[in-house]
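Feature annotations, courtesy of TrEMBL:
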type	residues	note
ACT_SITE	Cys75	active site
ACT_SITE	Cys75	active site, proton donor
ACT_SITE	Cys225	active site, proton acceptor
BINDING	Asn13, Asn66, Gly76, Asn77, Asn165, Asn198, Glu216, Arg217, Gly226, Thr227	substrate binding site
Amino acid sequence: MKIPFTKMHGLGNSYIFINVFDFPIEEKILADLAKAVADKDTGIGSDGMILIHPTESADVGMRIFNKDGSEGKNCGNGLRCVAKFAFEHQLVDSKQFTIETKAGNVSAEIHGDQIQVNEVTVDMGVPILKRSEIPMLGEDLDQVVAEPFEVQGDNLEVTTISMGNPHAVFFVDDINKAPLTTLGPVIEKDQRFPESVNVEFIEQVNDQEIHFRVWERGSGVTQACGTGACASVVASVLNGKLEKGKEITVHLAGGDLYITWAEDGRVWMRGKAETTIEGTFFMD
Ligand SMILES: N[C@@H](CCC[C@H](N)C(=O)O)C(=O)O
């Protein structure tokens, strides 16, 4: 099978995008296809795969698959890339439109024009805080903020947020010493998170900036995570480290995202989306 693809990234968080408006793909091969395209040696190399598909409920639909073939429900960097792709390929006819995800519909706005999309803003919706809806096991509190969390003998504090997908946020004094590759994979699969979890480490810089590193569920260390950046700003506000209603610059390994947890409860994300390769993937 010869599959046309576009490789895009948001701040280095890269996905292989397949436009299934033009090229329908059988459901049963999706997990294997995601693993195959993501493989850097025998495939293209990416953090996963995203399908851009027709839908009745929004202007365009998106499905995200992690590097290990598991399906996520939301992807902030992917949303900005899908918005750029849909606008540039005229799947939509205005700069503001809606995108369906498995976590619900969001709206996106293009900054730029057909020649150059500079940035995309996405209304990421209202974060979910209730413990059972993260989901996280334990007493069903309305929010889990700075809760003691013992892992491999380390006594940490966790704040959990769902942006349609689950995030466990930990504050550290020095981002360069965050236990990303040691505790990241352990926390990802911790039994307290029945659907596994994306793991973020945050260092507060001042009242407008944070440093951010992520171990993503199903993909491991990535250069950036849009939903994780949103979750981290929400977690910082809940811990009294940042103010609601202010735009926060999140410094990720791959660049900056601008996130606001607005007074009305909605989270806004603004940042770049870029195209790197177009081609054909050969699959047996
Ligand atoms: N990189 C993404 C999130 C992708 C999905 C995630 N790994 C999950 O399984 O929930 C982003 O930019 O938000």
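Backbone N, Cα and C define each Cβ position, glycine as well.
Here the features listed in TrEMBL are painted onto the structure.
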residue : record                       : Cβ neighbours (10 Å)
Asn13   : substrate binding site       : 29
Cys75   : active site                  : 31
Gly76   : substrate binding site       : 28
Asn165  : substrate binding site       : 27
Glu216  : substrate binding site       : 27
Cys225  : active site, proton acceptor : 35
Gly226  : substrate binding site       : 28
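Taking the C-alpha positions, the distance from Asn165 (substrate binding site) to Cys225 (active site, proton acceptor) comes to 11 Å. For the substrate site, the Cβ centre of Asn13, Asn66, Gly76, Asn77, Asn165, Asn198, Glu216, Arg217, Gly226, Thr227 serves as reference, and the other residues of the chain with Cβ at most 8 Å from it are Ile64, Gly72, Asn74, Cys75, Gly78, Val214, Ser219, Thr222, Cys225, Gly228. The separation of the residue listed as 'active site, proton acceptor' from Glu216 (substrate binding site), Cα to Cα, is 8 Å. Across the residues annotated as binding substrate (Asn13, Asn66, Gly76, Asn77, Asn165, Asn198, Glu216, Arg217, Gly226, Thr227), the two Cα atoms farthest apart lie 16 Å from each other. For Gly226 (substrate binding site) paired with Cys75 (active site), the C-alpha to C-alpha distance reads 6 Å.
Asn13 (substrate binding site) sits 7 Å from the residue listed as 'active site, proton acceptor', taking the C-alpha atoms as the reference points.
Here the CA atom of Cys225 (active site, proton acceptor) lies 7 Å from the CA atom of Gly76 (substrate binding site). With respect to their backbone Cα atoms, the residue listed as 'active site' and the residue listed as 'active site, proton acceptor' stand 8 Å from each other.
According to DSSP, Gly76 (substrate binding site) sits within a helical segment.
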